[in-house]
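Inspection log for the structure reproduced underneath, given as structure tokens.
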Amino acid sequence: MDVRQRLISSMVISLGLTIISEGIVLIGIASLLHISLFFIFPALVIFWLFQWIISPYVVGRGGYEVSPNDPQYGWLYNLVRRIAEESKIKPPRVFVIDAPYPNAFAYGNRLGGMRVGITLPLLNILDVDELTAVIAHEVGHIKHRDVEIGMTIGLIPTVLGYISTLLMNFGYLALFLAADEIELLFAIAALAIGFVIFVVTFILQIFVLWFNRLRESYADYNSFLVLGEGSKALATALAKIEIYMQNIRIDPFTGIIVTAPPVKVEEKDPHLLVEQWLRTKVSAFKDILSTHPYPARRAQMIYRLIYGSNI
């Protein structure tokens, strides 16, 4: 079984288990609360549509849209358009985003157009080949409809997460303001229910993250399909991002990402870091709580696609 077949088989299994687990939770909640599923489903659809409509404006806020004739970034638009055409999809809108970390992402909807966002630090640290490989990955997300699929598969955990947070915050407040035993018990009950929902959400999220990681790998596969051996640059792009992020810290008081003074990085050369990744044996649980596969796993898959098992 080749890489693509393994990916598709794993995605089918992951999606099936995710849908089954979310279905069990949904039916269980409906039974406990004596609420008809005919009420729950329309409510979920409305919430999904709300997210689908507003998410492009939330995710890409502050972004600068690039046009084909842009004097500074017109080349970037043309690069995205070329990759989209080679991927046989409509070219997405292109946005440059002033953020303190290197990143690229696909977002948008079919109303306002699909979009690719690229942050300034990413443009600064990648060469053209690496940027092309990253864009081919993001275009793969659009081609595979990962924005809509990810939003759908994560809908129930998202809603449950909001409910859990609301109940626990309410419980803490009620606990602080409790004037008698009845109010105290009410506060404890709210905290307990909120915690149980949190645990259920966490378990569901494990399945969702598994599916998301597989979709990321499938987007990497699109980079290989479009660029062939040129997709090797995706591995060095990941290495540069990894090295850059080791010089990033989060202010503990404000939660704002700030660039720290340069710190010692074990492997500053991205090519050497890729070589290290290719020799790394990655545990099956290494990225279990991550939205993306562990970088070493991604590099190994890319090289396996290009060179077969001889890596």
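Placement of Cβ uses the backbone N, Cα and C atoms for every residue, glycine included.
Here the structure is a predicted model, which means the values were calculated and not measured.
Site annotation (Swiss-Prot, ligand Zn(2+)) includes His137, His141; from Glu65, Glu85, Glu216, the additional listed residue is Glu216. Cβ proximity to the Zn(2+) site centre (mean Cβ of His137, His141, Glu216, cutoff 8 Å) flags the following additional same-chain residues: Ala106, Glu138, Gly140, Asp146, Arg215, Tyr218, Ala219, Asp220, Asn222.
Around His141 (Zn(2+) binding site), the C-beta neighbours below 8 angstroms that are at least 6 residues distant in the chain are Ala106, Val147, Arg215, Ala219. Sequence-distant neighbours of the transmembrane segment (184-204) (same chain, 6+ residues past either end, Cβ-Cβ under 8 Å): 18, 21-22, 25, 156-157, 160-161, 163-168, 170-175, 178. Taking Cβ pairs closer than 8 Å, the transmembrane segment (159-179) reaches residues 25, 44, 47, 186-195, 197-198, 200-201, 204 in its own chain, all 6 or more past its ends. Residues near His137 (Zn(2+) binding site) in space but far in sequence (CB under 8 A, at least 6 apart, same chain), listed by position: Ala104, Ala219, Asp220, Asn222, Ser223, Leu234.
Glu138 (active site) and Glu216 (Zn(2+) binding site) have their C-alpha atoms 9 Å apart, to the nearest angstrom. When Cβ neighbours within 10 Å are tallied across all protein chains shown, the highest count among the recorded positions Glu138, Glu216 belongs to Glu138.
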